[in-house]
Ligand code: GLN
């Protein structure tokens, strides 16, 4: 935004207009929505309050916070890296450049795991990132159970910075999840009744074609599924057999075109009841199966 605003104060309404204009010029996909969210963030104003007094002036601090936010968003820094949070399953997760920003597409994985949850289960989330999957799962499984259920929830990730973020999220949201630094199963002990994972699954050659917000700002190691995008599925499917209890479930998020490949990998490795689930957009999104030890 231009210098004049340093002297000339912004009202909520003019801030919204100017912000939208700037984002439009920078070709940000949803300029108006993003300007709104950044205004809510910088001026702590909810939409209902906005309509009561759109001419309210922003304080100097609010104006500079807002203008800086618009400037950063114009350079395609993701909204969530500016506000520092993303909602997932109705919970607010803190995010930063060390973790993949939780996607709405992943909610179907949590919902599917929730359907399979039983008392006394031991559950592992591999490649936990922000911890959004296992934290929501833990909270939702335990919610309203009388008598209380006893489950054990663990999340693992190769990145110490991601684990720090995940721990912070679990503490803030009051979830009892244990986090382990591990390259896949390297430091994982014992057997689980359910293993869930949203591993990196983009083919290396496709990463450069993703939108700037993802390509430049989501951690590369959270995206890159190597040559054919299936590297982590292959390893997890194979190694999980040692870490699943009898009839334990393995559930994955997949990319829209990976249903066949991941289902085949699971069947070839001896998993049964291999099933696919679609997301709200109608795209194949979850593949799950059960490993029968007998
Ligand atoms: N489990 C995290 C999520 O779904 C991170 C996934 C990843 O980094 N590939 O958001």
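Placed from the backbone N, Cα and C atoms, the Cβ positions cover glycine too.
Annotation source TrEMBL lists S-adenosyl-L-methionine binding site at 157, 198. Over all protein chains present, the Cβ of residue 157 (S-adenosyl-L-methionine binding site) has 28 other Cβ atoms lying within 10 Å.
In the three-state DSSP assignment, the secondary structure recorded for residue 201 (substrate binding site) is coil. The substrate binding site annotation in TrEMBL covers 198, 199, 200, 201.
Across the residues of the domain 'Release factor glutamine methyltransferase N-terminal' (15-84), the predicted structure has a mean pLDDT of 95. The annotation domain 'Release factor glutamine methyltransferase N-terminal' is assigned in TrEMBL to 15-84.
Taken from TrEMBL, the feature domain 'Methyltransferase small' applies to 106-206.
Within the set of binding-site residues 157, 198, 200, 201, 198, 200 have a CB atom less than 6 Å from some atom of ligand 1. In this structure, the CA atom of residue 200 (substrate binding site) is 12 Å away from the CA atom of residue 157 (S-adenosyl-L-methionine binding site).
Cβ atoms within 8 Å of the centroid of the Cβ atoms of 198, 199, 200, 201 (the substrate site) belong to the same-chain residues 127, 197, 222, 223, 225, 232, 233, 252, 253, site residues excluded.
Residue 157 (S-adenosyl-L-methionine binding site) is 10 Å away from residue 199 (substrate binding site) when you measure Cα to Cα. Non-local contacts of residue 201 (substrate binding site) by the CB criterion (under 8 A, 6+ apart in sequence, same chain) comprise 225, 229, 230, 232, 233, 253, 254, 255, 258.
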